[in-house]
Amino acid sequence: MSVMFDPQAAIYPFPPKPTPLNDDEKQFYREKIKRLLKERNAVMVAHYYTDPEIQQLAEETGGCISDSLEMARFGTKHAASTLLVAGVRFMGETAKILSPEKTILMPTLAAECSLDLGCPIDEFSAFCDAHPDRTVVVYANTSAAVKARADWVVTSSIAVELIEHLDSLGEKIIWAPDRHLGNYVQKQTGADVLCWQGACIVHDEFKTQALTRLKKIYPDAALLVHPESPQSIVEMADAVGSTSQLIKAAKTLPHRQLIVATDRGIFYKMQQAVPEKELLEAPTAGEGATCRSCAHCPWMAMNGLKAIAEGLEQGGAAHEIQVDAALREGALLPLNRMLDFAATLRA
């Protein structure tokens, strides 16, 4: 049974939208970034949710575009002494925890995540202390401090398999922070899961009414859904999965049209995988909204070309990720458990 804990609702201070660059400015910063990457012995590690021009640059410079799990793997294996992480702050922290000898730079340290912000360590630690009989499993979208409080870290790509494993051992689970992903995992496994009440501000906004209207316009389209979405959206899906799993589903499904319910940043790599198919954004906004779909993380959008160039050029406190040594030691154990478990699934 999944029991829901309801912390005080958080209000997130969204960042301002980056100032658009003209074509000449974009080219200037692209060339500058390429030069700085070579000078700093650096490589770009970009998430699927960053803007297309950022993902393209990562490709052109031998970097990585992936989900959170593969980002974690890539950074540990690459020979570069500096990682430029284009994503949100927890991704940079994870890179530093796993590769402490490397310099970890980000375009901005102000790139937050609503799941991270919605799971403050003091409240979460008290929640865990109130349920000492439960194994603590936290999503990768959390701070280093929350990871250090956990027994396991997990990404959406292996969440179901891990909870199945723990359930087979008779363990009861605390799951944090995403309530929708926690509910999905519980329903898939039947495990005893006690959920924290966090949510992703992007996926939480997908609406069944608007999606039903879109399905009527495109009746032959398949619906691909990330499990951070509400249960009502997941129940409508033809395929449910992590970012990497949705790209695989796009390739295997026979449908020529695909409605995609996740951050629209994924369209860059998904369209590469299925150039012959039409990709449609799942609607998030209600009547009167100014966008057809608002499905793009405002913090991911902070990873612009100018900010990346500044991060590589300036470094320092405004761009370099630091993790307290004690926190790093505490967070490393559950992260390594995740990587070891993921390796057994691939074996």
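Glycine is treated like the rest: Cβ placed from N, Cα and C.
As written in Swiss-Prot, here are the features:
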BINDING   His47, Ser68, Tyr139, Ala140, Asn141, Ser156, His226, Pro227, Glu228, Thr243  iminosuccinate binding site
BINDING   Cys113, Cys200, Cys297  [4Fe-4S] cluster binding site
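All features noted in Swiss-Prot, drawn onto the structure.
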residue : record                        : Cβ neighbours (10 Å)
His47   : iminosuccinate binding site   : 27
Cys113  : [4Fe-4S] cluster binding site : 26
Tyr139  : iminosuccinate binding site   : 29
Asn141  : iminosuccinate binding site   : 28
Cys200  : [4Fe-4S] cluster binding site : 24
His226  : iminosuccinate binding site   : 29
Glu228  : iminosuccinate binding site   : 28
Cys297  : [4Fe-4S] cluster binding site : 25
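Once the Cα atoms of His47, Ser68, Tyr139, Ala140, Asn141, Ser156, His226, Pro227, Glu228, Thr243, the listed binders of iminosuccinate, are compared pairwise, the greatest separation found is 17 Å.
DSSP assigns Tyr139 (iminosuccinate binding site) to a strand segment in the three-state reduction.
Within 8 Å of the centroid defined by the CB atoms of Cys113, Cys200, Cys297, the record's [4Fe-4S] cluster site, lie the Cβ atoms of Tyr49, Val88, Ser114, Leu115, Asn141, Ile201, Val202, Asp263, Trp299, Met300, excluding the listed residues themselves. If you take the Cα of Cys200 ([4Fe-4S] cluster binding site) and the Cα of His47 (iminosuccinate binding site), they are about 16 angstrom apart, rounded to a whole number.
If you take the Cα of Cys113 ([4Fe-4S] cluster binding site) and the Cα of Asn141 (iminosuccinate binding site), they are about 7 angstrom apart, rounded to a whole number.
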